[in-house]
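Trainee: Could you have a look at this structure, given as structure tokens, before my questions?
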Amino acid sequence: MREIISIHIGQAGIQVGNSCWELYCLEHGIQPDGMMPSDTTVGVAHDAFNTFFSETGAGKHVPRAVFVDLEPTVIDEVRTGTYRQLFHPEQLISGKEDAANNFARGHYTVGKEIVDLCLDRVRKLADNCTGLQGFLVFNAVGGGTGSGLGSLLLERLSVDYGKKSKLGFTIYPSPQVSTAVVEPYNSVLSTHSLLEHTDVAVLLDNEAIYDICRRSLDIERPTYTNLNRLISQIISSLTTSLRFDGAINVDITEFQTNLVPYPRIHFMLSSYAPVISAAKAYHEQLSVPEITNAVFEPASMMAKCDPRHGKYMACCLMYRGDVVPKDVNAAVGTIKTKRTVQFVDWCPTGFKCGINYQPPTVVPGGDLAKVQRAVCMISNNTAVAEVFSRIDHKFDLMYAKRAFVHWYVGEGMEEGEFSEAREDLAALEKDYEEVGAEGGDDEEDEGEDY
């Protein structure tokens, strides 16, 4: 089996995790108590969904996941919520005091005390796997736990499980909407370690997802639940081929191979289509070309970043539902002829497609309509640098005055770490610039042959 362990860190990671596991359970027909009436082979671990769930002898399905937070309130909601019987109590780890939006507390003082316990739980889950494939890590980099403890855990996972893939789903600070004053510090410090210790990081940002909810789902005032349900659809689409048998399966390591041209250039944009409310879905056909065009629209990007300002290096299109390869090839062919979707000149093919016949599932009473087919795109575009330059700019404004720095130094950080992390990000922006730059003069006429 190719198992995957999910690690949810901090409030954002846990709440996204709740939505994801709720959706997985619905997709597989697993009840909130972990029983699965449709599973005829009790205790036999050869079903495809066993990548994400382990089965007990009694036929109960337990998520291969760990939830960690430095303060108990959010995890207590899981402990008392609908799915309280689904998780093993040892998988829900909470501390006593929170990281107070401070990277240094999450990484050095408070986080240090809990990290060994987390790794111990992860080790137990890993020992339970026959062929561990990798980790999905969920966190936000604006707060203290997600950024600090998130980085610490990733660093330790690199040491303990060097060769295993680590995919991060990371919520980055939005341009306008801010939840903490020190977000720029936490994000820069945390990205510094994401660069080193994740293989693929998918950037999400709340503002972009708010706009999608408002525009496409007609929700006037979206809540975090609305946002998380949309995020969970993306994560579910990425992992369908690991959990169901499909026509063209995409493995977790395949994402890496196809999307990451250079180790540092691994920050992805994601988009999903159709995002549509039940009232509208009834009147639209939503064919393969339509949804394929939709995922390339700047407005459907899940991070505030305009792909037209950059060039694509690679895209991964994951279709699910009633889709045949012929339709996909035609749709991709159309996209290639579009002048708005530009690829770098050194990557002429640029598309990786996966198809899975399992149609998308929706949460009952949720906002999304039940549709026959959907597509999720993860793309590597040089425009992602916009996200970093925005945060770097805010970082510089604060750091020039050394504002709030004493809180970090007081928790045992050195000021040098700030400048080191900031220089690393400056280098990253430069990397993106170089990757997007045109090739030599002699290559100009070669770009047209595909």
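Glycine residues also receive a Cβ, built from the backbone N, Cα and C atoms like all the rest.
So Swiss-Prot says this about it:
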- E254: active site (ACT_SITE)
- Q11, E71, G144, T145, T179, N206, N228: GTP binding site (BINDING)
- E71: Mg(2+) binding site (BINDING)
- 431-450: compositional bias 'Acidic residues' (COMPBIAS)
- 429-450: region 'Disordered' (REGION)
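For each feature listed, report its degree of burial, its nearest neighbours and the pertinent distances within the displayed model.
Mentor: Following the DSSP three-state reduction, the secondary structure of E254 (active site) is helix.
Long-range Cβ proximity for T145 (GTP binding site), meaning a same-chain Cβ under 8 A and a gap of 6 or more residues, is found for I9, G10, Q11, V68, D69, L70, E71, D98, A99, G106, G111, N139.
Other C-beta atoms found within 10 angstroms of the C-beta of E71 (GTP binding site) number 18, with every protein chain shown included.
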Trainee: With DSSP assignments reduced to helix, strand and coil, which class does E71 (GTP binding site) get?
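Mentor: In three-state terms, E71 (GTP binding site) counts as coil.
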Trainee: By the count of other Cβ atoms within 10 Å, pick out the sparsest of the binding-site residues Q11, T179, N206, N228.
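Mentor: It is T179 that, of the binding-site residues Q11, T179, N206, N228, has the fewest other Cβ atoms within 10 Å.
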Trainee: Taking the residues Q11, E71, G144, T145, T179, N206, N228, which the record names as binding GTP, find the longest CA to CA distance and state it in Å to the nearest whole number.
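Mentor: Looking at Q11, E71, G144, T145, T179, N206, N228 as a set, their Cα atoms extend up to 22 Å apart.
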Trainee: Below 8 Å Cβ to Cβ and six or more residues apart, same chain only. Which residues does that give for G144 (GTP binding site)?
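Mentor: In sequence order, the residues whose Cβ lies under 8 Å from that of G144 (GTP binding site) (at least 6 apart) are G10, L70, D98, A99, A100, N101, N102, F103, R105, G106, N186.
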Trainee: Just jot down the residues in the same chain as E254 (active site), at least 6 apart in sequence, with C-beta under 8 A of its C-beta; none if empty.
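Mentor: Looking at Cβ-Cβ distances below 8 Å from E254 (active site), excluding near sequence neighbours, one finds K352.
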Trainee: According to DSSP, does T179 (GTP binding site) fall in a helix, a strand, or coil?
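Mentor: In the DSSP reduction, T179 (GTP binding site) maps to coil.
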